[in-house]
Amino acid sequence: MVWTSHPVKRLAGAIRAPGDKSCSHRALIFGGLAEGESRFSGLLEGDDVLRTGQAMEAMGATVTRTGPGSWDVTGVGAKGLSSPKGVLDFGNSGTGSRLLMGVMAGYDLTASLTGDASLCSRPMNRVLNPLRQMGLKDTAGPDGKLPFTLTGSKSLKAIRYAPPQASAQVKSAVLLAGLNAEGETVVAEAKATRDHTERMLQGFGATLSFRMAPGGVHEIALKGGQRLRGLDAEIPGDPSSAAFLIAAGLLSPQGDVLVEGVMSNPTRSGFYDVADLMGASLGADERGEAAGERLIDIHSGYAGLKGIHVPERLVASMIDEFPILAVLAAFATGETRVTGAEELRVKESDRIGAVVAMLRVNGVEVEETEDGFTVQGCGGRVPGGGLVETRHDHRIAMSALVMGTAAQKPVSVDDISMIDTSYPEFMSHMATLGADIRS
């Protein structure tokens, strides 16, 4: 069904940030592995996260919803995970599927995995290759794409692994396999990626070490045989989801948007750093901590943005925010260049191609490159008037709908159903701010 976002004069209001998707996945996984019971509040109840919970239940954990965003998890502890009776369907969840591949590698179990058409087109060899070195067996073909069957090993071997591409999911899968491996597992990163796995594992009682190797390589080390213990935690607000609301405030001529309880983590701050470089009017107030993460309230109001060359050192810390950054670039004055972002080619869609198509159909001049794109900003309101093919990508859909609130003409999208994978409250939150989005 087509949905259309109509231009509005003002977006204003206060919104509590939805629970962070990355932390929500990890909470259910680590709680399911731990000894005893864990209790979580503020958990994101998007389809991706719920499928992770279902997978943990299928392998022996008890996962119970006790209220909106509140979940209790009783872990399997020392007895470990068991083979699920049916196929584990991860839907669109790359995070859940990849992290659980690492978990399954260290248990005496066999599991068949699948997903939707988008997930089954995404590369999994980048995760499978190091796990195979550790002892995982699988039935994946040469392209490493789902569906396939995994068989774990009780005698997993620790390795030192340097991922060829910066990827928090690959790092996390290897570290999670390392929990049950013989010896010390080390992941060596040339570029630091989001560190929620390391932070949350420590919260569950695991011991990790961090060191700097020659050449500025970051090493994360974990000794096998460690047991996790249950944890009570509040899930911090998702900075990637908050970015859509913050961008809406920046583009609204009378914008006055406050997003509360947003996680402030240097491995996730790239979008906000780049927005600041573009001249964004942002304010931040301390709010405390949740699950070992600093929380802030972020305020945004209208700002005349300018184009920049996005520093490549920030790419990994904003890999999910490039679609909404492209929208800001379209409204900015001057040229915005994105380079070093080839990882976008293998997200829920080919996000480089999807971003370029989204802008072009709405009258924005943009050039596609192999590792990014270059946007010629309109210096104000973009023409709009286009129908965006979302390619079943939730972040393309949300970005286009934000664009429509400040464009000259309404902007339409071909589908919004996939938004539920990461931000089920997006439509209601936008309506609270004053957006006019209709089917």
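Every residue, even glycine, has its Cβ placed from backbone N, Cα and C.
Among the features that Swiss-Prot reports, 3-phosphoshikimate binding site is placed at Lys21, Ser22, Arg26, Ser167, Gln169, Asp320, Lys347. Neighbour density for Lys21 (3-phosphoshikimate binding site): within 10 A of its CB lie 26 other CB atoms from the protein chains shown.
As annotated by Swiss-Prot, phosphoenolpyruvate binding site applies to Lys21, Gly94, Arg122, Gln169, Arg351, Arg395, with the evidence given as sequence analysis.
When secondary structure is read from DSSP and collapsed to three states, Asp320 (3-phosphoshikimate binding site) falls in the coil class. As annotated by Swiss-Prot, active site, proton acceptor applies to Asp320.
Ranked by Cβ neighbours within 10 A across all protein chains shown, the binding-site residues Ser22, Ser167, Gln169 are led by Ser22. The closest partner of Ser167 (3-phosphoshikimate binding site) among the binding-site residues, by CA position, is Gly94; the full candidate set was Gly94, Arg122, Arg351, Arg395. Rounded to a whole number, the distance between the Cα atoms of Arg26 (3-phosphoshikimate binding site) and Gly94 (phosphoenolpyruvate binding site) is 13 Å.
In this structure, the binding-site residues Arg26, Lys347, Arg395 were compared by how many other Cβ atoms lie within 10 Å of their Cβ, and the smallest count belongs to Lys347.
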